[in-house]
């Protein structure tokens, strides 16, 4: 490993902390450090090359002087093991953990992680608030990632827009650098760690156990900011936060009441009153779908990318978060089943009344004088004539439902990660077909892309990447798009 060099600077002109981690250094004869991506109060992140597997990775190390602290190094290792067990499309993957010697003695632990390309939510918000449906979609995906972490016993403790990346396949929650195991007291001593503006009230006690509900509060601040363009309040220090009375201003008239209520629930002062992240994910997904009647879909593929410093940045269209909305949710199966049950009960009641009204020796009621309650077949007032035909789902609704079903199947272990990524790529192509302006060309392109997606499903089924029942379910969702009519 190379020694220290002259003063180096990272993005923003801040000096890089003195460290054994320098450009050109190799870790374990495998990871080549290329350039620093950023540095914060707790850690620095490097763009590196995994020379064994031939891929780009991100390497994060505790910033000096924290790197040499044995307690923090042990905590980093424990948390790396915990986070490495998590698997979710909206969580950054941890690939490896290692330790490197420091120039002044001791060792520094480091994490090797997935390198994520995209735009941080913080950068996106410099242009103002997101449309409410897009804000709900982003917050829903962050909540889904947090729910997966909480199921694994991990509390993030620093949920904020700069730790959320907008990528081609949706959001990625970054930086579990100060994460802690749920219910444990983190190894921070009396130090308060995190970002005061996004911290829950209970975080002011450094000796309090890590709570999943604290992440939910931070998500509430993030959601508020995506809806309004700024957090409820900004705090430059923990002391300033401690003196605050925590008044949450209204979100404003442009935010649908349903989303405003959801946001307030996340920001409840009492941790016990906040909903769990898993419930938030579903609730915001449904609320976001109902907040905008236009059946268009937020297209993560259009989110501008961020690359490592010095890399060429290709031109990209304006982010879809600027103007497009989430597809309205289709009626749930539970509601459909409930409606069918009510209809069956009413039909049975009519039959019972007819039987009770008939006496021996009398002719059964005929169509000569049809009852208003029981129209006869062919009558202009028949039930069939009064029931509107079921509306065909729009292509945008079909794509949104397919996306939800695919994500659920992946989370349940019925689709492998490779299969999930392949199907998401094909689904993005199908989404792009929605942008075709000519109706006939759009219909033809949708059919072609749906056929390609169907072929991919069949191939993945044969390769064992998708469970057969899931493959059938996904294929059936595409059926309306395959009609030539």
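Here the Cβ of each residue, glycine as well, is placed from N, Cα and C on the backbone.
Check TrEMBL against the ranges 365-393, 394-422, 423-451, 452-480 and you find region 'Disordered' recorded for 365-393. Of the listed segments 1-20, 21-40, TrEMBL assigns region 'Disordered' to 1-20. Remote same-chain partners of the coiled coil (436-463), defined as residues 6 or more beyond its termini with a Cβ less than 8 Å from a stretch Cβ, comprise 395, 415, 419, 422-423, 426-427, 429-430, 471, 474-475, 478, 481-484. Its Cβ placed at the centre, residue 60 (ATP binding site) has 25 other Cβ atoms within 10 Å.
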